[in-house]
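A quick write-up on the structure given underneath.
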Amino acid sequence: MPSAPLQPSESYQYLNGFNCYHESEAMPDTLPLGRNSPQRPAHGLYTEKLSGTSFTAPRSENQQTWLYRILPSVKHESFEPYLPSEDVHHIENCHMLYRPNQLRWGPTAIGESDWLHSLVPVAGAGDPKLKSGLYIYMYSASKSMPETDAFYSADGDFLIVPQEGALDLTTELGNLLVRPGEIVVVPRGIRFRVAALDELIRGYALELFQGHFQLPELGPIGSNGLANARDFQAPVARFDEDHDGSTTYQVFAKFAGELYFAEQDHTPFDVVAWHGNYYPYKYDLSRFCTINTVSYDHIDPSIFTVLTAPSDHPGTAIADFVVFPPRWAVAENTFRPPWFHRNCMSEFMGLIRGRYDARKGGANGFMPGCASLHNVMAPHGPDVETEQAASWTLDQPEKVGEGGLAFMFESCLMLGSTYNADIGRLRKEYVKESWGGFPVRFKRPRQMQTHPREA
Ligand SMILES: O=C(O)Cc1cc(O)ccc1O
Ligand SMILES: [Fe+2]
């Protein structure tokens, strides 16, 4: 069942709809009428345009937002390289190993840092300088980012999947509360700060270097189903007022894979009103309207796609975000769990809560906070226990994945993975423990026990 809608509080109010043209003002009479850039904007504000696509992108893809703010964001000191002293799991440590093996990692250890400083690059492909590819991170932190810090990525859009602990995102366009079971997308360039609303925050993030996420086509499903557009929520405008010059703020920028910071003497969260279709948004995964077979066979997991970031080739995604929600399984005379599989795409999986129906739990199993990578053509599928159970289970309706929520980032790219992610977390016995125990069950029919060629 979808969780009850949040009680809107002053700081969490939302505008509903995916890729809509929204407008929002935290003070009345701020947005200009009939033009975007008046000679003297209301209340002494400055006008700033934020482009999320090239000016000339087709209308169907064009994304931009007009901001009306207390100071233009260009008022800052110069950006300097950010070199934290001891942080080995730094966001920049992206040296990739390319491995054909199936990989599983345990949950990230609880760090003492904040969201930004705890981001560990785990897997990825491509190059932000060429605006191609993606990186996948895991984070685990116990502190809020300082109130004087903000972060933006010039490299791409951040899709964040909390696994443990709620996040309070302050963004230039307003606030978002994001709890485990919900996701948030913060597009390229938008400044944000992550506050931890619980003692531990842990989760996953995907940084998309090219294009933006969109809803998948529904084809013959029709005009509703999967993630419905109206369930995506954008923040309403809210602003801080701290411009007397007495406080130093730090804006962290991820640019060409490196982290920089710049100081400024005023808050970056000073947008009083905005209008446009380039904004951060959240989505509650329990609102996903799951579609599946009602007759036979396990349907391709693309049926569970929440958001997709297409490549230039139709139907082939740079990144699909796919969930495996609790659902009824009713297929008859069907092996119901995911089949054994070799894929030309890469599959990165994570577990938000509960169990995933194709992998057993247990100390070394696929537990919440774990991750796995089944790279291009790496064989994978149900583990021995799952396969045995599913081969003999009664052919009757069954609720699968109850209490569980697994997800997958699927990419057409071959993904590297980092040595940093391995430290203390790589499950070396993963392949043997999961799939090493399959017995040979093959038996020739009695009349064919001698092969003709052997006779
Ligand atoms: O379990 C996996 O690894 C992912 C997966 C899901 C599915 O529904 C079908 C095939 C598949 O590989
Ligand atoms: Fe697969």
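A Cβ is built for glycine as well, from the same backbone N, Cα and C atoms used for every other residue.
Pulled from TrEMBL, these are the features on record:
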type	residues	note
DOMAIN	13-285	domain 'Homogentisate 1,2-dioxygenase N-terminal'
REGION	29-56	region 'Disordered'
DOMAIN	286-439	domain 'Homogentisate 1,2-dioxygenase C-terminal'
ACT_SITE	HIS298	active site, proton acceptor
BINDING	HIS341, GLU347, HIS380	Fe cation binding site
BINDING	TYR356, HIS380	homogentisate binding site
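Recorded features from TrEMBL, shown on the structure.
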residue : record                       : Cβ neighbours (10 Å)
HIS298  : active site, proton acceptor : 17
HIS341  : Fe cation binding site       : 16
GLU347  : Fe cation binding site       : 22
TYR356  : homogentisate binding site   : 28
HIS380  : Fe cation binding site       : 22
Checklist entry - For the domain 'Homogentisate 1,2-dioxygenase C-terminal' (286-439), what's the model's average pLDDT? => result 96
Item to check | Residue pair HIS341 (Fe cation binding site), HIS298 (active site, proton acceptor) - Cα distance, angstrom, rounded | outcome: 12
Checklist outcome for this item: In the same chain, residues at least 6 away from the ends of the region 'Disordered' (29-56) whose Cβ sits under 8 Å of its Cβ atoms read 23, 62-73, 187-190, 212, 272-273, 275-276, 278
Checklist entry - Expressed to the nearest Å, what is the distance separating TYR356 (homogentisate binding site) and HIS380 (Fe cation binding site) at their Cα atoms? => result 14
Item to check | Alpha-carbon distance [HIS380 (Fe cation binding site); HIS298 (active site, proton acceptor)] in Å | outcome: 15
Next on the checklist: Let's see if you can do this one: DSSP helix, strand and coil counts over the region 'Disordered' (29-56), in that order.
Outcome noted: 3 helix, 6 strand, 19 coil
Next on the checklist: Taking ligand 2 as the reference and 6 angstroms as the Cβ limit (strictly under), which recorded positions among HIS298, HIS341, GLU347, TYR356 are close?
Outcome noted: HIS341, GLU347
Checklist entry - Hey, for the Fe cation site built from HIS341, GLU347, HIS380, who else sits with CB inside 8 A of the CB center? => result PRO338, ARG342, ASN343, HIS374, ALA378, PRO379, GLY381
